[in-house]
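K.L.:
Found this in Swiss-Prot, in case it helps:
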- Leu109, Thr110, Phe137, Pro138, Ser139, Asp140, Asp222, His225, Tyr247, Trp278, Asn306: pyridoxal 5'-phosphate binding site (BINDING)
- Lys248: N6-(pyridoxal phosphate)lysine (MOD_RES)
Amino acid sequence: MREEELIQEEKAANRLDTADPGHRHLFHVPPADGGRYQQAAYLAGNSLGLQPRATRDELFADLEAWRRLGVEGHLAADRPWLPYHELLTAPTARLVGARPAEVVVMNSLTVNLHLLMVSFYRPTGVRTRIVIEDSAFPSDSYAVRSQARFHGLDPDSTVVRLAPRPGEDTLRTADVRDLLAAEGDTIALVLLGGVNYLTGELMEIPEITAAGRAAGAVVGWDLAHAAGNVPLALHDWDVDFAAWCSYKYLNSGPGGLSGVFVHERHLADPTLPRFEGWWSTEAATRFEMSPVARPPATAEAWQVSNPPILAMGPVRTSLEVFDSVGMTALRERSVRLTGYLEWLLDQVTPGRPLAVVTPRDPDRRGAQLSVRIGTGSAAELAKRLRLEHGVVADAREPDVVRFAPVPLYSTYHDCWRVADALAATVEVH
C-alpha cells in the first residue's frame, strides 16, 4: 500500500468506527507518548487491560466502608466483605460457560495452578508425564517442572513439550491427538494454554479435552489469554479444571485476581487431595472455629485464605461490563476488528521483514496478531512505535511484537495507526 493509499484508508477506518463503535467510552485510554494523536493506540490489552471508568469510584467505596466501619464491614458494609467473593460467582460462571458451583475467584494464576495440580496431578506407575506447549508461558513451565520435582520425578523426562511441525508457528490439533493416542498411557496431565500467549493461536479446547480424557489423562487449561477474549463453555466441554488471570482481557488491574474452574463431577469426590485453610470450610460453620474443615461441594473448597476485598472490587466492576455487553457481541466485533488489522498488515508487510504468525482462520485465534520481525529487536521496535507514533504494543523477545485489538475499547483507527506506524518505522528491504 502506497503512502497516499494509506492516508485514504484512515478515512475508511474512521467510517468503520462510526458504524461499529465499541465501548471505548467506558475506559480510560492513556495519552500517547509520541506521534500526532492525543490518545495512545493501545493494543496491549493482552498484557494489561485498560482501567474501566467505574473502577475508581467502586474501589473508593470499598475503602470508605473500611474507613467508616472498621471490622464491622465484614457484615455491615453495603457489600459485606464476608460473602463478597460470592458477588463474582454468577458473572464468572457466565463468562466461562460454567455452573456457579464450579467457579471461584481467588489468588493469582500460578498459585491457583499449583493448588489445582495438588488435586489433579497424581502420578502413578508409568502414568507420570505432563503435556504442555513448547511455547507455554514460562510461569506454566516452571510450575509443572516444580510439580514433577515435588513428586520425586525428573522434570526433563516428565514434562512433554508439544512443538509445531518444522517450518510452522502453531500447533495442529491432529498432532496433539496423535500424541495422546500413541502415548496416553504414560500421560497423567494435559495442561495447555487456551490461547497461546506468544502466537495468539486459539486451541481447539473441546477436541483436545476429549482426546486427553479418552487417553485417561486429566485435562486442565490455562485460560489467561482466553477468558474475556473468546467464548468458553468449560462445563459442556467436560474440562477437568482451568484457571485464568483477570488483568488482561478482564481489565481488573495489575496483578488482578485469578479465576478457577473445577468441573462438578470432581466437587464431591472425597478421595481428591487438596490443600485447605480457613476459607476451605463451608461458610455456615466457618466461625465455629472447628479444628477440622468441612469443605463445601463447590469450587470454593479450593480456597485457602480470605479474599482481598480491595482486589475483588475491580474484578466485579469489570464483570459487570462483560455482562452488559455480552461475549457473543464482543466476539463478533473482535473478529471484525482483528480481521481489519490483518488486512492492513497484509498491505504493509510485503517487502518488509515482518510476518504474521497468528493463524489466519478467525476461528483459530482471539483478539491478537503476533508479528515476527526479521531484523533487529522486538523490544526496540515496540519502543519506537510507542515513542514515535503513540502505538502501544507488547514485545516478546527475541523477535515477536504482539498487537491486541481488544473489542471492548480498541478502534479501527487504532488498527490503522498500527499499520501506519509500521510502514513509517520498518524499512522496505
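Cβ from N, Cα, C; glycine included.
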K.L.:
Specify the secondary structure state of Leu109 (pyridoxal 5'-phosphate binding site) as given by DSSP, simplified to three classes.
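P.N.:
DSSP assigns Leu109 (pyridoxal 5'-phosphate binding site) to helix.
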K.L.:
For the binding-site residues Ser139, Asp222, Tyr247, Asn306, which one has its C-beta crowded by the most other C-beta atoms within 10 angstroms?
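P.N.:
When each Cβ's neighbours within 10 Å are tallied, Asp222 leads.
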K.L.:
Can you give me the Cα-Cα distance between Lys248 (N6-(pyridoxal phosphate)lysine) and Leu109 (pyridoxal 5'-phosphate binding site) in Å, rounded to a whole number?
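P.N.:
Between the Cα atoms of Lys248 (N6-(pyridoxal phosphate)lysine) and Leu109 (pyridoxal 5'-phosphate binding site), the distance comes to 12 Å.
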K.L.:
How many neighbouring Cβ atoms, not counting its own, are there within 10 Å of the Cβ of Leu109 (pyridoxal 5'-phosphate binding site)?
P.N.:
24
K.L.:
If you count other C-beta atoms within 10 angstroms, which of the recorded positions Phe137, Lys248 is the most crowded?
P.N.:
Lys248
